[in-house]
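Student: First the structure, which I've put down as structure tokens, then a few questions once you've had a look.
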Amino acid sequence: MAGNRGCKPRRFEGNQRMDIFKRLLKLARPHAPRFAVAMVCMLIAGALTSSLAFLVKPALDDIFLDRNAEMLKWIPLAIILIYLVKGGCSYFQAILMSFIGQRIVADLRNRLYEQIQKQSLSFFSKNPTGVLMSRITNDVNSIQGTVSDAVTSLMKDSFTLICLVFVIFYRDWQLAIIAMIVFPLTIYPIAKFGQKMRSVATRTQVTMGSLTTLLQETISGTRIVRAFCMEAHENQRFARENEKLMHLALKSVSINALSSPFMEFLGGIGIAAIIFYGGYQVIKGSSTPGTFFSFLTALIMLYEPVKRLTNVNNTIQQGIAGAQRVFSIIDLVPDIVDRDEAVELPRISEKIEIRNISFAYDDTPVLRNINLTIRAGEVVAFVGMSGGGKTTLVNLIPRFYDVTAGQILIDGHDIRDVSLISLRRQIGIVTQQTILFNDTVRNNIAYGSQGCSEKEIIEAARAANAHDFIVNLPEGYDTVIGELGTKLSGGERQRISIARALLKNAPILILDEATSSLDTEAEMEVQEALERLMKGRTTLVIAHRLSTIRNADRIVVLVKGEIVEEGAHETLLARRGEYYKLHQLQFKEDKVGEEVGRNDS
């Protein structure tokens, strides 16, 4: 299955890294007008920076040596004007580039989130929640530095560099050639520093994903952690990953810190040679102090843009490492998509047909040669030992997965030939693990039923036996129920989930062990609500407690991915086959549980 592949980033080399960088720059295309204005500001700021070095010659020769009073007025005024205009350009350039960078990050994060939403369930089984969260947050943020900061430095510092090089060649081409000998020596170390930084950045992002996954697991599973007294163990696991992240961060700082002194050392060699030769020229009388110091000022001013350009390579490498991971998801083609000629599925009126289907996950067979017809309005329960394939079979109907072979039809329409939205609008789901959102009770009930009225929400809550406890909450229907509904009991969460399904009013209903985790009192209230929900609907029940499916129209027994029996409850018991064995096994377990309960009391 295509969707079973993970989103592990490929290893990119040479031209591929350049392609990624170009792809990042293309994200700025919609912002071309702002980028053009920012670029003009950067060019002006770069030119004005180099003009300061140009003014050193007239300042020294005309003011201090020739004592020209007129120049004493104009040069200070020119310097003030240069700094004023340069400051304004730098401000507007920073604001514009920051907007472009943040806008690109927001758009990229939206694209990434939308792409994740398109993936099938197999994608999520391959990619932990924490890793995906890290991609959307940390990896996307690393791209922002490349798009705005690195591009700004490349444009502004490169132009400043060109202007300053022009000044030093204009002032003394012989000294300029001596200075230029040093620059080629920097190319190799810059490349090596960049390679190391990219490697560390990739490892840092992987470790950050692992840390986020660990954090998400332990916080969501905090009850189990405490129940099994594993706090110390989890603290150690977190500390190990955190320590690894700290060492990688220090390594990144070390690489950055080492690159600057190395460049300073090479620059120092060049400046020492220039002072020796330039001083000799002044002593000999073939040059003036103003010319030499103008040259030297331009050369010293070259240091900062060169330093930033060496560091910008590290920023780019960090961004490319993050982009590899982000694009590895954005470029994934979802398994489950609408066909070009997909049609709308009418409301079910006849039957669901499952024709000779098979399904494999990672080449491991899960379902084999399943044939089943479910009439509209029929209640069909699926039972079997854990791993028998009952949940997988039911998940194929809303196309959470696609069949490996065979077909599923609703009223004669192959579900692969209809649009996903029209298919899934026909299906309501209530699961054992109730998923609620950190929002109000009202919005959780109305989830997926946009435009419904307050009256409809309350009617759905009443039908789900939820209205009475809702009105007793602090804010009633406006009460925010916490992450995953943690402020509510299991039975209360389940009844809100049932109210949500009632409000959706879908003709097909999937109940995935909806009462298996509830106590007896809560189960009775939920079961009553479920019976109202099931009325008049085609219902597929994944059952754990066989006592809850006695009244099903038909019970389907799956063993190792195959249907071995089907029929009504009493009929299957009379056959003394697999269903009878399951019933007897559960009856014994229930009896033992009752005995233990009596002894405890």
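The backbone N, Cα and C atoms fix where each Cβ goes, and this holds for glycine too.
Quick paste of what Swiss-Prot says about this protein:
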BINDING   Gly384, Met385, Ser386, Gly387, Gly388, Gly389, Lys390, Thr391  ATP binding site
DOMAIN    36-318  domain 'ABC transmembrane type-1'
DOMAIN    352-585  domain 'ABC transporter'
TRANSMEM  35-55  transmembrane segment
TRANSMEM  77-97  transmembrane segment
TRANSMEM  150-170  transmembrane segment
TRANSMEM  173-193  transmembrane segment
TRANSMEM  263-283  transmembrane segment
TRANSMEM  286-306  transmembrane segment
Student: Need one number: mean pLDDT over the domain 'ABC transporter' (352-585).
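Tutor: Averaged over the domain 'ABC transporter' (352-585), per-residue pLDDT gives 88.
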Student: Go through Gly384, Gly387, Gly388, Gly389, our binding-site residues, and report the one whose Cβ sees the most other Cβ atoms within 10 Å.
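Tutor: It comes out as Gly384.
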Student: Quick one: give me the count of other CB atoms within 10 A of the CB of Ser386 (ATP binding site).
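Tutor: Looking across every protein chain shown, the total is 7.
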Student: Can you list, in sequence order, the residues of the same chain other than Gly384, Met385, Ser386, Gly387, Gly388, Gly389, Lys390, Thr391 whose CB lies within 8 Å of the CB centroid of the ATP site?
Tutor: Leu558
Student: With a Cβ cut-off under 8 Å, give me the same-chain residues at least six positions beyond the ends of the transmembrane segment (150-170) that come close to it.
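Tutor: Sequence-remote neighbours of the transmembrane segment (150-170) are 25, 28, 38-39, 42-43, 45-47, 49-51, 53-54, 93-94, 97, 176, 179, 294-295, 298-299, 301-302, 304-306, 308-309, 311-312, 315-316, 319.
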Student: Least buried of the binding-site residues Met385, Lys390, Thr391, going by other Cβ atoms within 10 Å?
Tutor: Met385
Student: Helix, strand or coil for Lys390 (ATP binding site)? Use DSSP.
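Tutor: Note: Lys390 (ATP binding site) is helical by DSSP.
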Student: Any idea what DSSP makes of Gly384 (ATP binding site), helix, strand or coil?
Tutor: coil
